[in-house]
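K.L.:
Just dropping this structure here.
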Amino acid sequence: MQWYFVAALLTVLTSSQGILTTLSQSNGEYKYDYATVPFLAEVFKLAVSSLLLWRECQKSPLPKMTTEWKTVALFPIPSVIYLIHNNVQFATLTYVDTSTYQIMGNLKIVTTGVLFRMFLGRRLSNLQWMAIVLLAVGTTTSQVRGCGETSCDSLFSAPIQGYMLGVLSACLSALAGVYTEFLMKKNNDSLYWQNMQLYTFGTLFNMARLLVDDFRGGFENGPWWQRIFNGYTTTTWMVVLNLGSTGLLVSWLMKHADNIVKVYSTSMAMLLTMILSLFLFNFKPTLQLFLGIIICMMSLHMYFAPTNMLLDMPQTVKPDEEKLIEVSVDRRTHS
């Protein structure tokens, strides 16, 4: 399976995630406990990975599976980083408005490139760095709205704590992705065995979150396992399956491609979501959206196109003319 096919599929699934989540609402609110969706998605990913690992073990030779504790102990770390990241996100939203938060979220594109270079030692060319910056500019441009739709005074008028938390959130998001790629490529273990370790800890951490929510609410609505499917509809289950499938594709990209491919997939998914919203939710197109799409397409071409395609200069002199010039020069020198 080629990485660009997986990346394209990830773009489609990621873009449909927001749309399905919106469609799962009833009268503008969730009739189900949204905290149960990530938990069920982790269970789904764990079940699929277990099944695929079982099938892989039926073949010969057996897949490589490292069971040393010092290696297994590294797999809870991404879940811990994401847990801290989620809390930082909520803290950031207490200082900044939603529009500013979304725009600041594009910093993770640049921070991913920086950490990708620092911790994984992957060298990027100057053109690729320019492409990454362009991608951040393009996604930001597409999200900026005119002053008639949102108050221009509210953008970038938050206290310094909000910006510091926004930068920290971008760094944590990038760190989680880069660290996951490090785990996936650390050895030649089976992808499904690595996924099982990741999703086992992910399931436990999400279960712990549900328990903490119950304790905070004083078990007013009963324990989470008694109401886990309350309010679920077909659309809600599609949200769970979509989120789980997205996670499986991301882990495949971390193993066989890299974080930059994932960043481009998720960024293009955001633009695709905006385009689909034009038809599904009567979202009004803006000039900024079209400019953002053009900039992101330029960035995509700059990063992945072969260097000779980007730097190939047109010939000013035709080959036949070059031969005539060389012959004439030779005749003059001999004469």
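Every residue gets a Cβ built from N, Cα and C, even glycine.
Note: TrEMBL annotation is automatic and uncurated.
TrEMBL lists these features:
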- 1-18: signal peptide (SIGNAL)
- 127-144: transmembrane segment (TRANSMEM)
- 164-184: transmembrane segment (TRANSMEM)
- 196-212: transmembrane segment (TRANSMEM)
- 232-254: transmembrane segment (TRANSMEM)
- 261-281: transmembrane segment (TRANSMEM)
- 287-305: transmembrane segment (TRANSMEM)
K.L.:
Report the listed stretch (164-184, 196-212, 232-254, 261-281, 287-305) having the maximum count of Cβ pairs within less than 8 Å of the transmembrane segment (127-144).
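P.N.:
Stretch with maximum Cβ contacts: 287-305.
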K.L.:
Six or more residues out from either end of the transmembrane segment (232-254), which same-chain residues have a Cβ under 8 Å from its Cβ atoms?
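P.N.:
Hits for the transmembrane segment (232-254): 1, 3, 6-7, 9-10, 13-14, 16-17, 20-21, 23-24, 31-32, 37-38, 40-42, 44-45, 48-49, 177, 180-181, 184-185, 191, 194-195, 198-199, 261-262, 265.
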K.L.:
What parts of the chain pack near the signal peptide (1-18), using Cβ distances under 8 Å and only residues at least 6 beyond its ends?
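P.N.:
For the signal peptide (1-18), the nonlocal Cβ contacts are 239, 242-243, 245-246, 249-250, 252-253, 256-257, 261-262, 264-266, 268-270, 272-273, 276.
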K.L.:
Quickly jot the same-chain residues contacting the transmembrane segment (164-184) by Cβ under 8 Å, restricted to those at least six beyond its ends, or write none.
P.N.:
74-75, 77-78, 81-82, 84-85, 88-89, 91-92, 95-96, 100-101, 104-105, 107-108, 110-112, 114-116, 119-120, 191, 194, 198, 251, 254-255, 258-259, 262-263
